[in-house]
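Read through the structure below, which is laid out as structure tokens, and then see the notes.
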Amino acid sequence: MPSVMEKPSAGSGILSRSRAKTAPNGGQPHSEDDSSEEEHSHDSMIRVGTNYQAVIPECKPESPARYSNKELKGMLVWSPNHCVSDAKLDKYIAMAKEKHGYNIEQALGMLLWHKHDVEKSLADLANFTPFPDEWTVEDKVLFEQAFGFHGKCFQRIQQMLPDKVIPSLVKYYYSWKKTRSRTSVMDRQARRLGGRKDKEDSDELEEGRGAVSEGEPDTGDPKREPLPSRPLNARPGPGKKEVQISQYRHHPLRTRRRPPKGMYLSPEGLTAVSGSPDLANLTLRGLDSQLISLKRQVQSMKQTNSSLRQALEGGIDPLRPPEANTKFNSRWTTDEQLLAVQAIRRYGKDFGAIAEVIGNKTLTQVKTFFVSYRRRFNLEEVLQEWEAEQDGAPAAPVPTEEARRGAPVPATALEEDDEVQITSVSTSVPRSVPPAPPPPPPPTSLSQPPPLLRPPLPTAPTLLRQPPPLQQGRFLQPRLAPNQPPPPLIRPALAASRHSARPGPQPPPTLVGAPLEPPAPSL
């Protein structure tokens, strides 16, 4: 066969080559023509046989095992679709980035997972924590330390940063490398000062060595080695770095590396980590789980803050009570008149505030009421009291709880109050007024309502309500406490007697709104 016949020639060719190479060394003669012929025959040979054929595997049909043995291919992250517009896509990416911390690739992957349904993707963003692609301060410090130890060996750097992939490490390396050349003026000054200080220390060390060598020339000591002499014309080059490193050999504290700010090393932790090889991995896993839980808390806090921010943007309009659609009515009821007098006593001529207190009256209607009922309710005196309070006059003392509950008031205070009331009435009220029967004692369990509040309505209807008994005057009514204001709706006898035209007995004062009775015929 040709293959069998050609193989010895190939071997002889190889042997001839080796002989030709070893011939000059061994002194054996050789011929250049023979070697060229052998090389030509070796190159032109036909390579036939199993040694020169490729191994073709048998054909296998389609089966799941065929694809299981292959390497894991890349996963499709994003595929554009015409159903999602560019503006809508940009809005979705911005919302995913601001509210949930997703980057563009993660947000598009979520959108592709939900088949380009933006609403479902937005609802599902909060259910997942995005892979942390940001570099924290600890990650940056660890990267710098790992780069100082291992250089550009990113596989070893990844062992110190297991949550970072190698492409992310390479990307951060080049961005970090650009910032290394940027030094501020303060950094330059610090370097200069540090270089000067190191130079002074090295000079001091050299002087100390020279003094020792001059004072104690121990030439016979076998332990002491002579210092290597340096040539005078040494060029500054790679050896300069070695000189800088060697000058710190007598200062071990300067060569000691300290952990960055915020990180510390404890002997107990180092002992525990170096005790067993698995304990270090377990410790790192615990720290990773703790870091992941903290990041989840941060993400939940961000979501809570965003929801609260959305609630604040809505305003407080939904929380306001519904305003009742009050219809303005020009008719004044008894309760509204009472409330208006109390409001005048409280606000004076601030008719806008009085209209807001009443509720169903306009500013013009309140002004008309003040002009029309000025004499009827003696509003001038009410205004004088309000002006006296505004000028700084001492206000009436508020009755204590004991007086409200019906505690006995000292008799001297009541007698003085009654004397003042009688003298004030006697100077103004005519003598023709018949004496009124003593009023009934006030109930001890009841107390007057606070100002600007409507009095409680009786259980009976308004039409069937009976008027209260007639009273002689507000000055003769006993009070629970001194200087307590009188009821505002009782028509004063002073105003009635002053404005009455005909002499004779005058009718007693009546309540506002009560039906007027004709005077009894005089005998």
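Even glycines carry a Cβ here, placed using N, Cα and C.
Feature annotation from Swiss-Prot assigns phosphoserine to S31, S35, S36, S63, S202. Sequence annotations record features per position, and here Swiss-Prot assigns domain 'ELM2' to 44-129 based on sequence analysis. Swiss-Prot lists K88 with the feature SUMO2 cross-link. Positions annotated as coiled coil by Swiss-Prot, on the basis of sequence analysis: 283-314. What Swiss-Prot records for 460-482 is compositional bias 'Low complexity'. Sequence annotations record features per position, and here Swiss-Prot assigns asymmetric dimethylarginine to R479.
DSSP assignment over the domain 'ELM2' (44-129) gives 41 helix, 0 strand, 45 coil. Annotation for K88 (SUMO2 cross-link): same-chain Cβ neighbours under 8 Å, separated by at least 6 residues, are V118.
Along the domain 'ELM2' (44-129), the predicted structure has mean pLDDT 82.
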